[in-house]
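Sharing a structure here in structure tokens format.
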Amino acid sequence: MPDTTPPDTTPPKTKPILRALAGETLPVPPIWMMRQAGRYLPEYRATRARAGDFLSLCYNSDLATEVTLQPIRRYGFDAAILFADILLVPQALGADLWFVTGEGPRLSTITDRAGVDRLKQAADIHETLAPIYQTVRNLSGALPPEVALIGFAGAPWTVATYMIAGRGTPDQGPAHALKDSDRAVFDALMERITEATIEYLSAQIAAGAEVVKIFDSWAGSLTGADFERYATEPARRITAALKERHPGIPVIAFPRGAGEKYVGFHGRSGADCVAVDDAVSAEWVAENVQVDGCVQGNLKSSHMVTGGEALVSETRRTVEALRHGPYIFNLGHGITPDADPDNVQRMIDAVRG
Ligand code: CP3
């Protein structure tokens with residue numbers, strides 16, 4: 001039988017981040033930074049002032065496009081991350097959401113079955129989120145050809161912690177209380193968020209996102225079987241659904257604070273890349289996590305504030321530990337508003353050195 005398989009005409013992946021996500025070890029790791037569009041940049045503060053409040057900026061596609069591009073222009077990062085927020089999904093599901101300056105987000109709370117039943121169905125979130133998809137479309141036409149566009153959403157557990165408490169909480173106490181006192185209601189809420197997250201990320205990919213990242217900022221407070229059930233399993237379901245709808249789409253999972261549970265997380269979640277926080281050492285990550293695939297992280301964000309020799313030496317140490325396998329350089333968590341923009345350039349120079 002002659003071989004009738006059509007020749008593979010898909011272009012080779014050339015964007016450095018996509019190559020690292022496909023498992024390639026690159027001579028210089030691609031770089032981006034969590035919260036790279038943010039208050040440490042004077043140009044961000046100026047655009048945010050024009051928009052009014054933070055949520056108006058998220059829903060203004062032209063200004064959201066502009067702030068997404070600002071760190072790309074200033075630093076030449078290898079990826080842009082869509083400017084939006086993980087709490088737009090609860091809002092699209094029907095929760096009230098507002099931001100108190102200097103304090104953070106506030107939401108209407110969900111404490112019982114009636115609260116879950118009042119939420120919209122996952123398929124009905126798109127009208128609210130349409131401006132976000134427009135931002136993605138704008139960006140996919142505006143980015144330099146070597147820069148990849150990352151879409152994102154919060155992981156169900158992290159989003160649930162805000163929906164249950166109505167705000168950020170140091171120990172996620174209210175979410176743990178609902179989970180442990182009324183598991184059926186908690187599971188119904190997790191289910192609704194999981195379905196909405198699949199819908200939301202799928203629409204971002206359809207609009208042009210080339211990678212998606214799932215932020216589980218509070219995964220570290222889940223222990224034992226709860227971690228597998230409420231951090232790993234939702235990440236696995238979301239990843240599988242996205243890859244079924246969009247074959248080949250790379251997924252970055254960030255179960256922040258997972259510690260020992262980072263080990264094997266690639267395999268358990270199906271994610272192409274596991275992002276690690278700075279509570280684990282880069283050397284430990286190389287030995288225990290990078291053996292399974294691409295990793296991203298994990299310089300301490302505070303070096304962007306303090307700078308100096310420690311910034312350069314810690315950046316070099318992190319790169320040296322992780323450059324022997326598939327790797328994307330990043331911070332261990334988001335850059336903070338008090339960071340010095342010049343320190344970001346020093347970090348990039350130390351990586352690309
Ligand atoms: O990384 C980026 O540049 C893309 C945009 C982005 C934002 N939030 C913009 C933002 C992303 C990826 C997020 C994710 C996000 N949002 C997370 C997960 C990551 C993490 O940091 O753990 C969480 C938990 C949120 C919820 C949220 N949004 C909080 C708790 C706050 C207030 C705290 C703070 O930093 O002020 C926000 C506000 C927010 N989201 C800002 C930005 C730039 C600051 C808002 C402003 O301009 O006043």
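Even glycines carry a Cβ here, placed using N, Cα and C.
A TrEMBL annotation is a machine prediction, not a hand-curated record.
Note that this is a predicted model, so its numbers are computed, not measured.
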Of the residues SER202, SER217, SER281, only one is listed by TrEMBL in the substrate site with ARG35, GLN36, ALA37, GLY38, ARG39, ASP85, TYR162, HIS333. Which is it?
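That substrate site, as TrEMBL gives it, pairs ARG35, GLN36, ALA37, GLY38, ARG39, ASP85, TYR162, HIS333 with SER217.
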Look at each of the binding-site residues, ARG35, ARG39, HIS333, and point out the one with the fewest other Cβ atoms around it within 10 Å.
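Candidates: the binding-site residues ARG35, ARG39, HIS333. Fewest Cβ atoms within 10 Å: ARG39.
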Between ALA37 (substrate binding site) and ASP85 (site 'Transition state stabilizer'), what C-alpha distance do you get in Å?
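Cα of ALA37 (substrate binding site) to Cα of ASP85 (site 'Transition state stabilizer') measures 12 Å after rounding.
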TYR162 (substrate binding site) to ASP85 (site 'Transition state stabilizer'): how many Å between their Cα atoms?
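Computed Cα spacing between TYR162 (substrate binding site) and ASP85 (site 'Transition state stabilizer') is 12 Å.
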Whole-number answer please: how many Å between the C-alpha atoms of ARG35 (substrate binding site) and ASP85 (site 'Transition state stabilizer')?
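For ARG35 (substrate binding site) versus ASP85 (site 'Transition state stabilizer'), the Cα atoms are 10 Å apart.
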With every protein chain in view, what's the tally of Cβ atoms within 10 Å of the Cβ of ALA37 (substrate binding site), excluding that atom itself?
25
